Amino acid sequence: MLQIAMQTVRGRMRTFVSSLLVLTMAVTVVTASGVLVETGMRGQVTPERFAATDLVVAGDQRMAPPHGDGDSTLLTERVQLDSSLASDIAAIDGVENVVVDRAVTVTVGDGDNAETAVGQSWNSAELWPLAMTDGRAPQTEAEIAVDQRITSATGWSVGDTVRVGTSEGGLDLTVVGIANASDRPADRLQAVFFTDERLASLTLNPDRADAIGVFLTDGADLDETANNIAAILPDRATIFSGPDRSRPEALAQFGLDAELIELGGGFGGTALILSIFVVMATLGMTIMQRSRETAMMRAIGATTRQVRRMLVAEAAILAVLAGILGALPGLLLGQIMFGVLQTVGVIRPDTVLRWSAYPVLIATGASIVAAVTAAWFGSRRSARIHPTAAVAEATLEPRRIGLLRTLLGFVLIIGGLGLSFLAGRLPGEDGAAASVGVMLLLLCGIAAVGPILARIPAYLGGAIVGRLDVAGFLAKAHLRTRTRRLASAATPLALASALSVVMIGVQSTESAATDQQDRDRFQADFVIEAPAGISGDLLRRIRDVPGSEAVVAFQPTTAGVMRTETFDEPYFQMGAAVAVSADGIGDVLDLDVSDGSLEAVAGTVVGISRELARTTGSGVSDSLDVWWGDGTKDSVEVGAIYERSLGFGDVVVDIDHVSAFLTEPAATQVLIAGEVDTEFVASIPGAQSLDRAAYEARKEAAAVDTEQPVNLMFVGLLVAFMVAAAVNSLVLATGERRGDFRLLRLVGATGTQIRRMMRWEAVVIALWGTFMGLLIAAATLVPFSHGLTGSFEPTLPWWLLPVVVIGSVAITVVAVLLPTRFALRRPVF
C-alpha cells in the first residue's frame, strides 16, 4: 500500500500540496516556539562580574513549594549569604582564594544622561578582573575608582571631583583611579568602586554577601572541589560554574530565562493545539474529497485495512516532508521572534540564542501524530461501509454523520456552554481561569457536529440568496446539498475569528481594567524616582519641604502565600506586593479599603487584596503566613482588605519590616501629596520628579513599548496561521468544484452566473463561520471579564468586530473566486 500511496500522491498533486502547506506551517510555528523554550532553558550569557573566578557561590533563587509537590518558584529578591561562609570555603582543599562580593546600585552622569552602575568594594575588582589603567585604588571614603566605560561616557578623569547618586543622595567624591579589562562583553555592566567602609555605609546588612567568588589552585579538579564546597553550603546556597557564573550577576537573568520559557511554552502550546486542530480538519477534508477514489478501490477488491494503510501512509509521508520543509523556516522564525523580544527588553541583549534538532523533531513528531490520527479517523467511514454504498456516497455526500460523533460533539458544546455559565458565577480569578477552557470545548464540539449545524445557514442563508437571482438560486441548491463542504470551509473561519477576538479581548479587557483601577488608585501629586534608592535620612529631608502633606516610600516587591481556589488543592503562589512607609499612604493611594484600615499597616500588620483574602480565607485581625521575595517565611496580621489590586499587588507591607529581605532596601520611588523641592531632587544624580500627568503618561508609554509589541507578535502569528489555514481550506474546497462548474456550463450557465453563485456561497460561509467564532468568543470573554472586573461586559477595541467580520468576508470571497476563475478558464470539453 505504500507504493500505491506514492502513486496517488503524484496523481493528486493539488490536494497533496494543500495538505503539505498546512503541515509545513504547523511545523514552522511549533518549531519557532520550541527555539524560544530551548533558549530559555539553555541560553547563556558570558560572565562579566565573575569572569575571573573558577566558581561562584550565591543564594539559590529557586524555592521549593512550602507544602506538597509542585514546581519551584523563582525568587525575585536576592537570597543573600552570611559573609562568614567565605572562611569555610577558603578551608576547602584546592581553594586558593575567596572574595566576598557585595553590590549596590548607584547612578553616574547628569540629568537625562544619568546611567546606573554597580557600586562595589575595590576588592571585588579582582572578580571581573579589572586592573588599574590609571591612578590607584580608593583609600578613603571620599575616593572612588571607576570603570573606564564610565569615563568614556562622562569624560571623568583622575583627580576630578564628581557627583555619584546613592541611596544617601548625591555624594561628592574624588576619582583616584580608572580600571578596565582587556576582554569584556560589549556594553553591559559598568562599575564604581568604593572603600570597604563607604560601601558598608551604603548597604543595610554589611555582614551579608551577594556572592562569594572562588579561585582554585593550579591543578585543582574543578568538579571535585565544587562538590566539596557544595557539601558545606547551607540549604539556601548553591554553586555556579562555567557560563552559569553569569546568573548571580543580575537577578534579571533568572527572571528573563523563566519568562522566555513561559512565553515560548504558552505560544507553543497554543500553536500546537491549533496546529493539530487545523491539520485534522484539512486532512479530513482531503479524505472526504477522495471518497470517489477510495470507493473505486473498495469496489475492485481493496480491503478496509488496505485503504486505511494507504491513507495513513500518505499522511505520514506528508508529515515527514513537512518536517523537512518547515525546519529551516521555523528556526528562522524563532530567531526573528528572539530578536523582537531582545529589542523590547524581554531578553537581555547579550543572551545567546540556542537551537538544536529537538524543536524540529518535536514539531515533526506532533505533525505526524496529528496527520496519522486525522487519516485514521477520516478514513473510518469510507473504509468501513459496503463498496457499492461507498460508490453511491462518492457522488452525493451522506446526509448524516456518525452517532458517536454527533453525541460527542453535542456533549462538548453543552460542556463548553456549561463551563461558560459556571465561570460567570465563580468569584475572582476562579472565573477568569475557568473561562480559558470554554473556547477549546466549543471549537471541538462545533467541528464535530459542523455538518448538522451547517443546515442553519444552508437553509436560512440559502432562502435569502435564493430570492436574489439565478446565481443565488444555484448557490442555495449547492449549500443545501453540500452541508459537509460548508462546515469544512466555515470551521477554520470560526477558529480564526474566535482566536483573534479572544486573544485581543483578553488583553484589552485586562489592560482597561488595570488602567481604570490605576487611575482611581493613584492620588499622589508628584513622584520622585531614584534608581539608586532613597534612604530614610533622604526621605526625612523630602518630608521637611514646606507644603509637603504626605511623603510615602514605595518599593515594588513580591510575596508568596498558600492559596486555595474553588476546585483546587492548596497551592503556593508568589505574586506582586508593595513595600511602603505606611505613614500617609491614604493621601497618595486610594486602594478602596473595604475592611479594616491602611493606617494599621506597620510592623507585622499588612493590608491584603480582596482576591487574596478570598483565596486564603483571611479576614481582618487574622494571621497569615507569607514568604517574602527572598523566600523568608514570616507570620503577619491582616489589618486591611482592599479592592483595587490590579496592576498593583496583593500585599501592602511596611518597608521597614521587609527591608532586610529586599535586594534594594532603599525605596526607588517616593509618592508625594503636596509640594516637592525640584531643585533638591535635581541635585541627586539620576533622580527626577514627575507630576501625576507625566508619571501616568510614562507608565502608558512603557506598556506600549514592551507589552504591545510582544502581544502583537504572538497574536499576529497565530491569527496569520489560522487565516492561512482557512484560505487553504477554501481554495481546496473550491478546486474540488470543477466538475460542478463543468456540468453547470453544459446545461447553459454562464461564467458570470457561476462566479456570482460562488460569491453568494462565499458570503454565506464567511458570515456563518464568523458568527460561530463570535459566539465562541462571547462565551469565553463574558465570564473572563466578570471574573476579572465584576462586569459581564468585556472591553474590546472599537475596530475589532468590524475588522473581523469584513476581513472574514473579504478573505473568503477572494479565496473562493480566484480558484473559480482559474477553473472556468478550462474548456468544457
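For all residues, glycine too, the Cβ spot is worked out from N, Cα and C.
What TrEMBL records for 267-387, 713-827 is domain 'ABC3 transporter permease C-terminal'. Among the features that TrEMBL reports, transmembrane segment is placed at 267-288, 315-338, 358-377, 407-426, 432-454, 486-506, 712-735, 762-784, 796-818.
Here the transmembrane segment (432-454) has Cβ contacts under 8 Å with residues 273, 277, 281, 401, 405-406, 408-417, 419-420, 422-424, 426, 483-484, 486-488, 490-491, 494-495, 498-499, 502, 565, 768, 772, 775-777, 779-781, 783-784, 787-788 of the same chain, all six or more residues outside its ends. By the Cβ criterion (under 8 Å, sequence separation of 6 or more), the transmembrane segment (358-377) is in contact with the transmembrane segment (267-288), since 3+ such pairs are found. Residues of the same chain lying 6 or more positions beyond the ends of the transmembrane segment (796-818) and with a Cβ under 8 Å from any Cβ of it are 489, 493, 496-497, 500-501, 504-505, 508-509, 723, 726-727, 730-731, 734, 755, 758-759, 761-763, 765-767, 769-770, 773-774, 781.
Contact between the transmembrane segment (762-784) and the transmembrane segment (407-426) is supported: at least 3 Cβ pairs lie under 8 Å, counting only residues 6 or more apart in sequence. For the transmembrane segment (267-288), same-chain residues at least 6 beyond its ends with a Cβ under 8 Å from one of its own Cβ atoms are 15, 18-19, 22-23, 25-26, 29-30, 33-34, 36-37, 294, 311, 315, 366-367, 369-371, 373-375, 377-379, 382, 397, 440, 443-444, 447, 484, 488, 491-492, 495, 499, 714, 717-718, 721-722, 725, 728-729, 732-733. Using the rule of three or more Cβ pairs under 8 Å, pairs at least 6 apart in sequence, the transmembrane segment (486-506) is not in contact with the transmembrane segment (407-426). Remote same-chain residues near the transmembrane segment (407-426) are listed as 432, 434-435, 437-442, 444-449, 452, 566, 776, 779-780, 782-784, 786-787, 792 (criterion: CB distance under 8 Å, separation of at least six residues from the stretch ends).
Sequence-distant neighbours of the transmembrane segment (315-338) (same chain, 6+ residues past either end, Cβ-Cβ under 8 Å): 5-6, 9, 16, 19-20, 23-36, 39, 283, 347, 353, 355, 359-361, 363-364, 367-368, 370-372, 374-375, 713, 717.
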